[in-house]
Amino acid sequence: MPELPEVETVKRGLAPTMEGALLVRAELRRPDLRFPFPENFANAVAGRRIIALSRRAKYLMIELEGGDVIIAHLGMSGSFRIEKGPIEAGADPATPGAFHHPRGKDEKHDHVVFHLDGGSGPARVIYNDPRRFGFMDLARRSALADHVFLRGLGEEPTGNALDAAYLATRFAGKIQPLKAALLDQRTIAGLGNIYVCEALWRSGLSPKRSAGTLVDKRGRPKQALIALTERIRAVIADAIAAGGSSLKDHIQADGSLGYFQHSFSVYDREGEACRTPGCHGTVARIVQAGRSTFYCPHCQK
């Protein structure tokens, strides 16, 4: 599933084509994705100019003039691609947000087509989703904080609001395993399995450790929590700079792959040597709450 860096990469890839363009028509090729489209969705967005693209957690936000926002989630296999100019057979489109190594975009899975008119001429932004776990919704910008998909989300790992003092308030007294606490979207919005594993390895912290052990008796963050916060922010920044992780379906807006997977230190490296200097441990895989966790039992305590 696309995580925050992948969705950020998709947003940045789509923005040059979509921002400022007129959304001439929304072509829905089926009545639903994971959920039904909102009633009158196509008519509601047609003829509106796209003001900006933004992101909240793992959600792509397409902001329209007039105060409406299209909320899009890529699910497990969703991707966008851009086709520019007149429709021509055999055109080679750019792919702004898939997710594995190059995979053919079977047109039978093209479920939504946004027909645009921008400064460089007509374009089509096509949403392709073989498994149909993605979805789209339409909401008023003024009501986003209370939207069912967005309310209760925690701080973004890319902003200054995520600091050790904030995490201390969330972790104090918790016996919950550290990995589970970090995956709680009410604490950190958009942080997923891959990057939690990597941040914990960089911090030398076991995913099985109780979250509350990183907070002192006065509720203040211990040095380990301060370091963990810095590592979380760093691993997300590194992944965004690399264009995400090409694990299952993620491809950048220009069709190239994300390359952060080449920087994985523990994720998906079960049985391989730990990359911590001086550590002679081996990366292990365990299952926590139904999710694979990769870590080094030797150096992560």
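Glycine is treated like the rest: Cβ placed from N, Cα and C.
Swiss-Prot tags one of the stretches 80-116, 265-301 as zinc finger, and that stretch is 265-301.
The candidate list Arg124, Arg131, Arg151 contains one residue that Swiss-Prot assigns to the DNA site with His109, Lys174, namely Arg131. With all protein chains in the displayed structure included, the most crowded Cβ environment within 10 Å among the recorded positions Lys58, Arg131 is that of Lys58.
A Cα-Cα distance of 7 Å separates Pro2 (active site, schiff-base intermediate with DNA) from Lys58 (active site, proton donor). If you take the CA of Lys58 (active site, proton donor) and look 10 A around it, you hit none of the recorded positions from His109, Arg131, Lys174, Arg291. Its Cβ placed at the centre, Arg291 (active site, proton donor) has 14 other Cβ atoms within 10 Å.
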